[in-house]
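Data block below; observations after.
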Amino acid sequence: MSMRTEYCGLVTEHLLGQTVSLCGWVQRRRDHGGVIFIDLRDREGLVQVVCDPDRAEMFATAEGVRNEFCVQVKGLVRNRPEGTVNAGLKSGKIEVLCHELNVLNPSITPPFQLDDDNLSETTRLTHRVLDLRRPQMQHNLRLRYRVAIEARKYLDEQGFIDIETPMLTKSTPEGARDYLVPSRVNAGQFFALPQSPQLFKQLLMVANFDRYYQITKCFRDEDLRADRQPEFTQIDCETSFLGEQEIRDLFEDMIRHIFKTTINVELDAKFPVMPYSEAMARFGSDKPDLRVKLEFTELTDAMKDVDFKVFSTPANAKDGRVAALRVPKGAELSRGDIDGYTEFVRIYGAKGLAWIKVNEKAKGRDGLQSPIVKNLHDASIAAILERTGAEDGDIIFFAADRAKVVNDSLGALRLKIGHSEFGKANGLVEAGWKPLWVVDFPMFEYDDEDARYVAAHHPFTSPKDEHLEYLESDPGRCLAKAYDMVLNGWEIGGGSVRIHREDVQSKVFRALKIGAEEAQAKFGFLLDALQYGAPPHGGIAFGLDRIVTMMAGADSIRDVIAFPKTQRAQDLLTQAPSPVDERQLRELHIRLRQPEQPAS
């Protein structure tokens, strides 16, 4: 008999009466009055092994095994005694009567129990190998595998070709810092790890491969946020001779296919499409969570002439905004709740949080409860009540500041209230999946510090055809042929139609204050390629880590990556990054300069 004939978790009634050979890890050992029970675990699940003292040598071995010993069991599959069936296990109707037990490798005492759900992330990442043995992590990584397989199946059927692009490439400005790799052969010069395969996949379209994809690692040396990793995985795609709508349709179908085949979820037959300007106006975010039913009400124009400077000053400012958020039944919120929300919005730059409780709308001013009502005239109060559609028992929150602060703070408050226990109890948030496309993004953003425009996405995104004329005269008016797929408030994919004409690409570089000499030095290979009959093309990249996190219901993308980094970009398992010896540095012609310590 071979070392293993079956997986533990797949031993069921169909094997009754058969002798099997199993390999796995001891989940738990129990001694019940002379009979030893072992819960044996492998990647497919658990099976109960019964060790009877009638087989003395085997029983002596069983007495010595402990949690996480790696063992081999040979035995007979039989029904469990009446009353001992475990309906929670796939193998719960049977057990294996052990004939032979071999310890393949003992284990020292693990630093934690695998069923402990209260472990710190530091402990889990330091002992990642043991953490990965836990059923939830096994499930997550197998789900990740299935998502990747289904993406490949779909793309293969659609005629896409899997082509690898370089990991050592040229450093080009794409927003975040590059991870640099020194060249030993070319002293003083550096490769960069790719932030994305963006330029290479465009070159593949010029080279007539028509449809490309790869599931690939990307690298960004940026300040990490809660769900960012210095290295992450993209489902990266590019296609020729398709317009924006056709590209969106193609990849919308892919996401529907993946969700249906991996977690049996039917996404909307047609994803709604929302312009960027509408998303910002209604939700203060370019990735709105449509499960939350709350929306902004625009009040900027109505507050320009009020005596209340907190509202009128931003209402009259060039970059100011005044917006309201009506919360149905919110009048029941306590002053403590409101104070908590006030502190919360300060995180996003808000100076405070104005509010009005609507107790009896019919009484006008007298039916309102708020510290700000006395500062507003009747016409402005009427405008607030009419525009928000407020009813008795509602509360209205206000934000008045620079538009960015209003959008960030009130948008975060919208999500916090919607997903709170209050929000759930009052039907302010729906369950399920709410996908949408956000389109018509600004092509450029103005950088006040550098006094110039920067690319909102990347400098290879095509402007809308009707906005080509603004590239040189008024870049701020340009909208891009860019699109993001958003799901439950997460951007899971983003892409665009690309610039395929050299003259347009050069105009975009000039709008970004990238001169001809700099453009040639950094992007000459692209500009040259575009002159050889480059086809119209576009594409998209999906964040595999993020998609799997959502599907798994995980708390963090670190729960769906086998060996992730911490928020400080450290690998606690291998202790990377780490110093290297002086000889290696000399070979690379590098001398370290330690960062200056701040004066005490």
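Each Cβ is built from the backbone N, Cα and C atoms, and glycine gets one as well.
The region 'Aspartate' annotation in Swiss-Prot falls on one of the ranges 198-201, 218-221, 426-429, 450-453, namely 198-201. Binding of ATP is attributed by Swiss-Prot to Arg220, Asp221, Glu222, Glu491, Gly543, Leu544, Asp545, Arg546, and the same site annotation extends, among Gln214, Gln229, to Gln229. Just so you know, the Cβ of Arg498 (L-aspartate binding site) picks up 24 other Cβ atoms within 10 Å once every protein chain is counted.
Separation of the C-alpha atoms of Arg498 (L-aspartate binding site) and Glu491 (ATP binding site): 20 Å, rounded to the nearest whole number.
Calculated from their C-alpha atoms, the gap between His457 (L-aspartate binding site) and Leu544 (ATP binding site) amounts to 19 Å. Predicted-model confidence for the region 'Aspartate' (198-201) is 97, expressed as mean pLDDT.
Its own atom aside, the Cβ of Gly83 (site 'Important for tRNA non-discrimination') has 5 Cβ atoms within 10 angstroms in the protein chains shown. In this structure, Arg220 (L-aspartate binding site) belongs to neither helix nor strand by DSSP; it is coil. The Cβ of Leu544 (ATP binding site) lies under 8 Å from the Cβ of Arg144, Val147, Ala148, Ala151, Ile215, Phe232, Thr233, Gln234, Ile235, each of these being in the same chain and 6 or more residues away along the sequence.
Residue annotation for ATP gives Arg220, Asp221, Glu222, Gln229, Glu491, Gly543, Leu544, Asp545, Arg546. The furthest Cα pair among them is separated by 20 Å.
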